[in-house]
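Okay, structure first, notes after.
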Amino acid sequence: MGVKSFVEGGIASVIAGCSTHPLDLIKVRLQLHGEAPSTTTVTLLRPALAFPNSSPAAFLETTSSVPKVGPISLGINIVKSEGAAALFSGVSATLLRQTLYSTTRMGLYEVLKNKWTDPESGKLNLSRKIGAGLVAGGIGAAVGNPADVAMVRMQADGRLPLAQRRNYAGVGDAIRSMVKGEGVTSLWRGSALTINRAMIVTAAQLASYDQFKEGILENGVMNDGLGTHVVASFAAGFVASVASNPVDVIKTRVMNMKVGAYDGAWDCAVKTVKAEGAMALYKGFVPTVCRQGPFTVVLFVTLEQVRKLLRDF
């Protein structure tokens, strides 16, 4: 069961991640919308996750207001200004991220779930499911953080002025450029946030899916089939979205920032709330739900089918 659970989770995660990539890109762009790009006022700050002796770097702040934009209009604008292919910017990083991060978290969750299940009743209570999700999500995020940073930057590149774009050729080029220009530690920029978010998402998503599915089956609402998998997975996606969105906004901004933009995650959160209001932490919530819902549905429906195919192995 050990290795097979990783294979099953990896296949399902890659399919789900790549098929919902455009929704994730729109979510990232919305989370960055309103963030200060540049101006003439220079402030000296240390980069996020900087070491104590790090030297400060200049950051250009802005006070200009930015009009609100919705996910549909943003998607249309991306297609008009950058072309339809832009909706798949960073998909190579998504592929790598799902291979590293999701394969690890999905496989490890199943391993822990099986290990912690009561041998007599054959059941696992909700608190242990959440614990398994927290552990699996944290380890998976630590493994996949370099691909996560590359993915965010590649997705966000099109919103920058032409002169400021990074123009990465692919995930390999993105990682090489970051290491060369910003050091190896840049690959783990925002890693504390990534790990926190992954722990929340994995615990909320996987534990709630199992809980919703068990509740539906035990109460005889539906049989164990496609309908049950879709309902349980969409509900799990909504729970994960509500729980993770604030951390996701800060994570996205820290990962995408130019050197010196924020003095760490807390500084990013404070500046975001101060400049844009508390609800800025739920920027991109609609596309988060619109992405997390389909992603979770595809993830678990695919996972259930892959399990059937690999049942005899």
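Backbone N, Cα and C define each Cβ position, glycine as well.
Keep in mind the model is a prediction, meaning the values are calculated, not measured.
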Which range, 42-62, 84-104, 252-272, does Swiss-Prot list as transmembrane segment?
84-104
Please list, for the repeat 'Solcar 3' (224-309), how many residues fall into helix, strand and coil according to DSSP.
73 helix, 0 strand, 13 coil
Excluding the flanking five residues on each side, which residues at least 6 beyond the ends of the transmembrane segment (6-26) place their CB within less than 8 Å of a CB in that stretch?
71, 74-75, 78, 86-91, 94-95, 97-99, 102-110, 155, 284, 287, 290-291, 294-296, 298-300, 302-303, 306-307, 310
For the repeat 'Solcar 2' (124-215), what does DSSP give as the number of helix, strand and coil residues?
79 helix, 0 strand, 13 coil
